[in-house]
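Colleague: Below you'll find the structure I mean.
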Amino acid sequence: MAGEQRCCRVTCTAPVNIAVVKYWGKRDSKLILPINSSLSVTLNQDQLKTTTTAAISRDFKEDRLWLNGEEADITHPRLQNCLREMRRLARKRRSESEGDMAPLNLTYKLHIASVNNFPTAAGLASSAAGYACLVYTLARLYGADGDLSEVARQGSGSACRSLSGGFVQWLMGERPDGKDSVAQQVMPETHWPQLRALILVVSAEKKPMGSTAGMQTSVDTSPLLKHRAEAVVPERMAQMVRFIQQRDFEGFGQLTMQDSNQFHATCLDTFPPIFYLTDVSRCIIALAHRFNAHHGATKVAYTFDAGPNAVIFTLEDTVDEFVEVVKRSFPPESNGDQFLQGLPVGPAVLSEELQSAVVLEPVPGAIRYILHTQPGPGPQLLHDPGLHLLGPDGLPRRSAAGEPR
Ligand code: DP6
């Protein structure tokens, strides 16, 4: 075949994570060192994942990148930091193992292709899965080891938490070189099999301010953020670890909601203020509190990142009823059959009492769809060569129109 080149390809997948103790603010924006530790739940890749293929060949003329099928700018500084760090780790590994490694030349150029199985526009933390996947895939390609979370962190802070499954803490560390600012698994995904996440994708009018810019303004102007980092988060980290270890949903849920609320309070305390929550987000918050009040217990817990979408944590036995409540409160307008995605949801009959106490004035069309998922594992290496996103020539396997080449 004309133009066919010999290349070595590796393909991996990585998950999205949702913080229950939020990271907001950097003390070093070059190395991406946070002002507080954070803790997240890794979501299952059956519903949300990034897939990345990295290929290396002596025939490639330059490093190239394709994101969701479109060629993208590989000179982005954060991307370059990750490439440089991964090549450094690979060199280190090579010199330590004295030549018993695969003869991959680290000066060869790279081709990288990455796709999400969810719309990037849905605002579902795609950069965390993306950078985690990039770093993990390059580590497999180069046979590099060492703490990968330290490298993924330099792509996007929250990405370091997507390198492990289950429940993951990112310890802020103290050192100026960031060597101790790493992510660690607290508990594997198998630890709490009843835990579920419902992502309520809200119909957003406009793209909110990105987290990188938003958190910098908060660091510069919000006294509440400083107080949060110094006086609130350390205690919350310890509590959250305990609640997870004990599978205490009451404690886990309450703290998750309180931490989300405090993060959004620091956004309001930022000057000029940042508003990520919309009227619909606030309706979801009120709905969750009415639902919990009706049950006299914390049955559902919301959390919001830098956008209006809600992630609701709950337990398996509450999913059907709560989804029915959401459907009644935000009736789907056009996509009735697409409204529920991900894991199956069963039917539920709402008692009249619940209906009148919890479902108030319905807001049709305010939620685009609900994605039902659960905690899941960390990045995976794919062994099937049919799944590479790049062909043997190192170019994307599908044309922009999505047709196989
Ligand atoms: C609100 O990791 O996207 O989702 O480090 O600048 O890339 P950068 O920011 P990013 O911030 C995530 C903020 C958050 C909270 C969290 O995930 O902990």
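A Cβ is built for glycine as well, from the same backbone N, Cα and C atoms used for every other residue.
Heads up, TrEMBL stuff is auto-annotated, nobody curated it.
Okay, these came from TrEMBL:
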COMPBIAS  381-394  compositional bias 'Low complexity'
DOMAIN    14-183  domain 'Diphosphomevalonate decarboxylase-like N-terminal'
DOMAIN    197-381  domain 'Mvd1 C-terminal'
REGION    381-405  region 'Disordered'
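Explain the structural surroundings of these features, please.
Modeller: Counting only same-chain residues 6+ beyond the ends of the compositional bias 'Low complexity' (381-394), those with a CB under 8 A from a CB of the stretch are 1, 3-7, 9-13, 51-53, 55, 57, 59-60, 66, 111, 113-115, 140, 405.
Per-residue pLDDT, averaged along the domain 'Diphosphomevalonate decarboxylase-like N-terminal' (14-183), amounts to 92 for this model.
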Colleague: Take the compositional bias 'Low complexity' (381-394) and count its residues per DSSP category (helix H/G/I, strand E/B, coil), listing them in that order.
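Modeller: When I sort the residues of the compositional bias 'Low complexity' (381-394) into the three classes, I find 3 helix, 2 strand, 9 coil.
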